[in-house]
Amino acid sequence: MEAKASQNAGRVMDGPTNPMVTPLLTDLYQFTMAYAYWKAGKHNERAVFDLYFRKNPFGGEFTVFAGLEECIKLIANFKLTEEEVSFIRKSLPGSCEEGFLNYLREIDCSDVEVYAISEGTVVFPKVPLLRLEGPVAVVQLLETPVLNFVNFASLVTTNAARHRLVAGRPKMLFEFGLRRAQGPDGAIGASKYCYIGGFDATSNVAAGRLFGIPLRGTHSHAFVSSFMSPDEILERSLCSSDGSNTCEDFVTLVHSWLSKIQWLKSLGGIFGETNQSELAAFISYALAFPNNFLALVDTYDVIRSGVPNFCAVALALSDLGYRAVGIRLDSGDLAYLSSEARKIFHTIEKELGVPGFGKMIITASNDLNEETLDALRKQGHEVDCFGIGTYLVTCYAQAALGCVFKLVEINNQPRIKLSEDVSKVSIPCKKRCYRLYGKEGYSLVDIMTGENEPCPKVGERILCRHPFSESKRAYVVPKRVEELLKCYWPGKSGKVREELPALQDIRDHCIKQLEQMRPDHVRRLNPTPYKVSVSAKLYDFIHFLWLNEAPVGELQ
């Protein structure tokens, strides 16, 4: 199916990435509420909803916001087809009037406004990620899909960012989760959002085509074990990298190098007879990809077979002007094996005079997760690249982010949702949100204000209050003030629309955001909670409305 495209203010907006995303991708109760609104004559009342979450995931103190682009694509193309209206007629109770179905045929999001934090921004609980304004029935129909888009996208982006922080910036991270992801849509989304979160490449070819994400991948154990011996290799010639000459028997050249390294005294004779079927597989792969030779070395024995076989092929390639890429470890003690392999590479560089051989890339995979990366870092290792799959794309450590979508104003009247659990009390009214930065460049606190309150100013002393705890308050004198919510879909308001950035720009923004956070806020163990506050005026209003709406009990 081809994604639809919509036009707003003269600009064409592509439809959602997944063609299954239609106005029907919502919960049934959104349509039953829309009918009840219509029946009561309330369907066009102007409503304001906030989308936010209550708790940071993975036991951390930060989240990365993602999924905005898909939200805007849905809103830009929101229009029910006649077939979809017919299905709704069958799905609703028989008392549903034809006039409501005619209303559904006409609705779109031309009168909806969307304000959002920039995708890739580090965000915190209670602060609205999106604010949707528009006819209450229409905005209600958008609740489920926008929650669906933001929940998983933000969760997996945050998971990727956490892996990136633990691994460190110099290390390369590859997303290898396609085969373990929750279906095709989960896999495609995970590839995209892991890239935003700081991963460098994916194995997912479809995601590479859709989003321009760099691709990485070599071969599996099946390729290695499919060979029996070098005698199977029929085409043995290989032209040099500059085309000046041809090695007619590359297999013999490899064997000659294998003999040399087996007798190197500095390696202490650790190499005996290597597995010849593995060697045949490596030679065949090198003949196919002489400029991109990276070998999986743990099919039989890493140190006694895989590494020496790789070295022999890499040295033969070097004779012809090619440079091998490196090895991949998919099992065993990754810290020990990577360190031993690096020692061997350095020895060969020094003893045989092959410049750069000691810098061969070592990639590790094998069900890696955040804890594994942290343990490897503490032990010390020589891994350059990590291929991470299952625990990354499935967000194994936490199933969902738990975003919510709450009504905060209707017909200019602020609304509040109360609960005995204070964490579930909503913050009423249409708000503006700001991030205040200190003199060292780190963000200090996020503050929410009423829509008509003056903007916090640089150098001005601002009282920041906890939304619900009277004693928690602090003065802040910001060195920089950033307004967080921007207009990404203006509807009929005539406001300037923020353009959706390219994927690479979102990724760069995410990385920069993480660098602007104080290290103790983003550390893995015992992170410091980031402060989210409200203005003094909004604090007073929250508690006035709370008391006004809460029923007064009676003791007898």
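Keep in mind that glycine also has a Cβ here, set from the backbone N, Cα and C atoms.
Caution: TrEMBL annotation is automatic and unverified by curators.
Per TrEMBL, the features are as follows:
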DOMAIN    24-151  domain 'Nicotinate phosphoribosyltransferase N-terminal'
DOMAIN    323-424  domain 'Nicotinate/nicotinamide phosphoribosyltransferase'
DOMAIN    430-541  domain 'Nicotinate phosphoribosyltransferase C-terminal'
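DSSP assignment over the domain 'Nicotinate phosphoribosyltransferase C-terminal' (430-541) gives 23 helix, 36 strand, 53 coil. When DSSP labels each residue, the domain 'Nicotinate phosphoribosyltransferase N-terminal' (24-151) comes out as 56 helix, 21 strand, 51 coil, counted as helix, strand and coil in that order. When the domain 'Nicotinate/nicotinamide phosphoribosyltransferase' (323-424) is classified with DSSP, helix, strand and coil residues number 39 helix, 21 strand, 42 coil.
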